[in-house]
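**Q** Quick one: structure below, then a few questions.
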Amino acid sequence: MMFVIKYRKIFYLISGLAVAASLGSILYFGLNIGIDFTGGTLVEVSYPATRPDLEAVRQAANQINLGSVTVQPTGEDGYILRLKTVSESEKDSLIKAVTLSADNVPAEERTNSIGPALGSELAQRGLMAIGLVALLIILYIAFVFRHVSRPVSSWKYGLIAIVALLHDIIIPTGVFAYLGAVRGAEVDALFLTALLTILGLSVNDTIVVFDRIRENLQNKVASHFDDVVGISLKQTFTRSINTSLVLILILLSLYFFGGTTTRDFALVLVIGMFVGTYSSIFLASPLLVTWQKWSEKRSTK
């Protein structure tokens, strides 16, 4: 796997372009924040026959004095209706309003309601959870690698792991921003759960490689640090690919055969697993080499 070290700048470029595109997507499209964080009512309906025209459903939903109703297609035969928090009777009136013909009465698939105060609290707690996880990862890696001081100190392993994790979170979020614009994918509690899961799975992959680097440094399998990293990547490559492939196949089955509520959750995890595997092999470990070489040049000046 020495080619990973040799051509690391190319992999940095690939990651940089992917992150830049994802940030651009987030800034341009924005995130379609779900009612889990904003508060309101979400009603999903499906039609037994052909789904009515989107504009016709939108006009019908906004003519019953329930405030602004956002209508987004979902699946092959349904719509998601999003509006302020409403009562049971008002929800029934909404479903009746979007019944555009007697022989095509929509079925209520799900209804979720949440208050704005609780939604804001959930969003804050979610962001705090991500920040806390990142801090604990740095502390954990610094502790585990505390006996590794040369040529890269233990805390640098933790910082590089966080850089890789940011990479692994930004890219799925950027993809989701685009999907939110084109098909109404929402950033909700499940999305946040998916990001936290990605953090755990990705850092596990990264730590496996880092731990092998630590062992090989202690066993002095090579005299140069970049050779040690290359050997370590080769030793862990098959394990990383096989583990990720199994998980991705399971998640793909959940995406294609699971319900609509878990489809976006599975998609985020698939993207995160793919990106996380890439970063643990082609980003995190080469960054150790780059940092070591930079520190070496700096010390010789």
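Each residue, glycine too, has its Cβ placed from N, Cα and C.
Caution: TrEMBL annotation is automatic and unverified by curators.
Values in this document were obtained by computation on a predicted structure and should not be read as measured data.
Found this in TrEMBL, in case it helps:
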DOMAIN    126-290  domain 'SSD'
TRANSMEM  12-31  transmembrane segment
TRANSMEM  126-145  transmembrane segment
TRANSMEM  157-178  transmembrane segment
TRANSMEM  190-210  transmembrane segment
TRANSMEM  241-259  transmembrane segment
TRANSMEM  265-291  transmembrane segment
**Q** Could you name the stretch, out of 190-210, 241-259, 265-291, with the greatest number of CB pairs under 8 A to the transmembrane segment (12-31)?
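**A** Comparing 190-210, 241-259, 265-291: 265-291 has the most Cβ pairs near the transmembrane segment (12-31).
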**Q** Any residues 6+ beyond the ends of the transmembrane segment (157-178) with a Cβ under 8 Å from its own?
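**A** Sequence-distant neighbours of the transmembrane segment (157-178): 15, 18-19, 21-26, 28-32, 130, 134, 137-142, 145, 148, 185, 187, 191, 194-195, 198-199, 202-203, 206-207, 210, 264, 268, 271-272, 275-276, 279-280, 283-284, 287-288, 291.
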**Q** Tell me, roughly as an integer, the mean pLDDT over the domain 'SSD' (126-290).
**A** 86
